[in-house]
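Asks: Attaching a single structure in structure tokens format; questions to follow.
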Amino acid sequence: MKDFLIPFDGPGGTGLKNDTDMGTPARVSATMVTLTVDGFEVTVPEGTSVMRASAEIGIEVPRLCASDNMEAFGSCRLCVVEIEGRRGTPASCTTPVAEGMVVRTQNEKLRRLRRGVMELYVSDHPLDCLTCAANGDCELQDMAGAVGLRDVRFTPGQNHYDPSGTGARSQAEARLRQPEGIANPQFTPKDDSNPYFTYDPSKCIVCSRCVRACDEVQGTFALTIEGRGFDSRVSAGMKLDDFMTSDCVSCGACVQACPTATLQEKSVAEIGTPDRAVVTTCAYCGVGCSFKAEMRGDELVRMTPYKHGKANRGHSCVKGRFAYGYAAHRDRILNPMIRDRIDEPWREVSWEEAIGFAADRMRGIQKTHGKKSIGVITSSRCTNEETYLVQKMARAVFGNNNTDTCARVCHSPTGYGLGQTYGTSAGTQDFDSVEDTDVAVIIGANPTDGHPVFASRLKKRLRAGAKLIVIDPRRIDLVRSPHVEAAHHLALRPGTNVAVVTAMAHVIVTEGLYDEEFIRSRCDWEEFQDYVAFVAEDRHAPEAVEMLTGVPAQELREAARLYATGGNGAIYYGLGVTEHSQGSTTVIGIANLAMLTGNIGRKGVGVNPLRGQNNVQGSCDMGSFPHELPGYRHVSGGEAREVFESLWGVEIDHEPGLRIPNMLDAAVDGSFKGLYCQGEDILQSDPDTKHVAAGLAAMDCVIVQDLFLNETANYAHVFLPGSTFLEKDGTFTNAERRINRVRRVMAPKNGYADWEVTQLLANAMGGGWTYTHPAQIMAEIAATTPSFAHVSYELLEEKGSVQWPCNDAAPEGTPLMHIDGFVRGRGRFIRTEYVATDERTGPRFPLLLTTGRILSQYNVGAQTRRTDNVAWHEEDVLEIHPHDAETRGVKDGDFVRLASRSGETTLRAEITDRVSPGVVYTTFHHPTTQANVITTDFSDWATNCPEYKVTAVQVSPSNGPSEWQQDYEAQAEKSRRILPAAE
Amino acid sequence: MSSSTDLKLIRMANQIATFFESQPEGDRAERVAAHLRSFWEPRMRDRLFAMMETDEADALTPLARRGAEIWRDAGQAVPAGSETR
């Protein structure tokens, strides 16, 4: 047998493993089949194609229409082989292996056949290879070489590539021959409507890989082959559509699949083909996709999804694949800046002066106002190593626990709810688990927009037969999209999650659908008895809560039955669960449902929080919360404090610090005066903007470390330029607890990686830190945090990634949690009483506003607004139901005034029945809108997570910006003035 | 502290108590106390305790008040961490 080893390039390398396309997908089977290919024996699972079996032993059969991320299609006829005892020359991609099969992939007959096929392809392909963007990266070119094509016998006739119709073999030649324009009816001009890639029909070989990638990988079904025979061409949508007007979501799967330059990144056409690649992790959502950053010199040519990435399995979305232009955007601030007062212009200064200024101010504040008068905010957009250092700054240098993170405003209830019920603050599954799911329940999440790559994986499973239950006030895309339709959509009223989840438990309990064996063996039986008595009360019946929730009782009953009896049931949830006054209670209710039905501890089931940002999980793991040290250990615990005290040589405060909302309250009250805010824009992202602004304005020193002068920086005294994920080493931990490497592919444009900036500031305040590489920070994390004990950069290089816990008990990580028992011992059922939020509609504010995000934009938009993604979403709009619009005299596209008791703003209305009557919806991606001027200071009872999802509002026609918007714009403009640096 | 912060603290304490009010009887007030001790920063604690000496505490629900009293009277002896995350 031939050697076929996956090379490992060792620690500190690029992370690249063998990227060979095996032609067709892998198969899983208990039955193994042995065959012979070109005299070499190979054993593969039953169902494997002959093409893949050949590839397993390093024999690459020529092909054009096959790729290992989609099912075999058998159209190009290039992969023909001979099989002993069988007639003809079958396609190796569509022919499954058989025991004892003897295959020949190369002989004179096959060579002749393949050359003939290639001649036909090339006869209708422009011969402009030297000026083609895919030159050197073209499978058609490669295959021409592989089959030994030396001549094309067919004279140019009817074709798709020559616009002149004169027999020109390239478009340059055609322009010379026919300068008047297109004379060939078969020729279709290039479609460059998409900002990131072009579609050139003249180069298309109609292999259908793009269409199949859109169908099978992405699940959007935007592409098709129109026409028949010679007229066949790829088409996006209807006849008059281009890529931009079609249903295409710009995930890039078609571009990735295209074997020619038909679908080609514009960046490659502009820069040239890459000459090296480094594996890294996307800096957008919590799926944490692995990408190859493909480089030429120190210029990023493109980001392509990495096929060995265990979260994304080779897929991507428009943000990770294309929206990286912000890294080189002209708005980036690359020099440190300071100012005495926030009404002064910024002064560019040296790093030394900026750090010295910041350190003096912070120490001065502490001297005047006490040790606890300053604090930090860590960011889920920063690496584990960076967040670890920022919380260490608070605890070891500032001497207090005033550290919080943006997870406060998103998934802090997940930590509380799952911690209480299961004993650990994390999702239970890996993303691969969805492939074994029979019933998926999506609660308060919109995966096609917020977590698109997971959504594609889910849709694939749904197309294979799994059932879907959606619990959401809006009709999200998953409710009904091509080849996917939810079995049940429970369109509940915002704020009634607990009532719905408890009613589902009522059905499961009263109809005897719970898994008693699981509960007896895994959960506290006494607590279960109490819980059963609670949920069985009539007041929790679907019929009893229907008026409250707006969910038809029968629909809810059927959904509960399906979840309990439909096989492997998995719950995925998002901020529509957590960002409520009862966010923690709903998380507890979800955990109860999974325990009730025994849907914990194996593949295909579980409770899965979809984390909004790339490192929400990691920033929480790293001790960013003010009451917990790294590894979720309370600061009051002497044993845990001792670990850090002995290592850091300081005494750690044993009392909790301030959470973000508490910091702002204390600032307004005058006892909190200094903030170091890394990578977050709390003015735009946190609720009740006016209160946030008042808190920031009341501080004596606000230090913002960011790529851009964000909205928070309007109130800052020190600006420390940040570095992008392309410019530093580190790790992100995604929603499945997977620790992935972030690798530096270029030098920081600002001069320092973010962890270095934190170290400079810490040392200016007497920290005495001596880190020279993030690997050392991870070593410290591993040494102090039991769930990370075995994590190291060397292990990550070797394994690609690992999921925590990763320690003596699980040296290679833990893909699934709670297999043999819950982390806390026995699973704990907790009563979930519905309590209506204090935020009520009434005559002044009769509608309920809920907020969310869309596919092309990310969080506060600081990154995506500085990319061509604005082509899809250049402003926030307000979704309003036709009935509500009509009664207010609002037409589609009108400017409307959106007002709550907190404030008001204006934005355009979009009339849609996607929202129910009485509910309006908007996004918070644009600072000119500032949706959070509207949201209130109400929050989750357990964690202070803001209640973004329920605000009582009124909508009325408007002529222009609100007073707040006008004032804010003027203030922001004034605040962003920068004086030139002193000579 | 400002009156708006005071009102927030009272609302937060009442929200916490409302949750534990729905839990099995026996140690509800102790659990309120443990939750407060686990999450509240000393400034918030001190303000709450100060309000308990005034009429402002009338706005606390009985369970919230009882929990706060347990915390005030027992101080560090209230177990923190059992109500974390």
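Glycine is no exception: its Cβ is also placed from the backbone N, Cα and C atoms.
All TrEMBL annotations are machine predictions without curation.
As listed in TrEMBL for this protein:
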type	residues	note
COMPBIAS	A:956-965	compositional bias 'Polar residues'
DOMAIN	A:31-109	domain '2Fe-2S ferredoxin-type'
DOMAIN	A:109-148	domain '4Fe-4S His(Cys)3-ligated-type'
DOMAIN	A:195-226	domain '4Fe-4S ferredoxin-type'
DOMAIN	A:238-268	domain '4Fe-4S ferredoxin-type'
DOMAIN	A:275-331	domain '4Fe-4S Mo/W bis-MGD-type'
REGION	A:956-983	region 'Disordered'
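How buried are these features, and what lies next to them?
Replies: Helix, strand and coil counts under DSSP for the compositional bias 'Polar residues' (A:956-965) come to 3 helix, 2 strand, 5 coil.
Through the fold, the domain '4Fe-4S His(Cys)3-ligated-type' (A:109-148) approaches residues 60, 62-64, 76-78, 80-82, 89, 154, 156, 159-162, 169-172, 202-203, 205, 259-261, 264, 268-269, 273 of its own chain, all at least 6 residues removed from its boundaries and within a Cβ separation under 8 Å.
For the domain '4Fe-4S ferredoxin-type' (A:195-226), the DSSP-based tally of helix, strand and coil residues reads 13 helix, 7 strand, 12 coil.
Predicted-model confidence for the domain '4Fe-4S ferredoxin-type' (A:238-268) is 94, expressed as mean pLDDT.
With a cut-off of 8 Å between Cβ atoms, the residues of this chain six or more beyond the region 'Disordered' (A:956-983) that come close are 335, 337, 342-343, 345-349, 690, 709, 711, 713-715, 888-890, 894-897, 899, 903-906, 927-928, 930, 933.
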Asks: Report, as numbers and ranges, which residues of the same chain sit near the domain '4Fe-4S ferredoxin-type' (A:238-268): CB under 8 Å and 6 or more residues beyond its ends.
Replies: 64, 67, 69-70, 125, 132-134, 137-140, 191-201, 203-205, 207, 209-214, 217-218, 220-223, 226, 274, 301-302, 304-305, 314-318, 321-322, 448, 452, 456, 855-856, 871-872
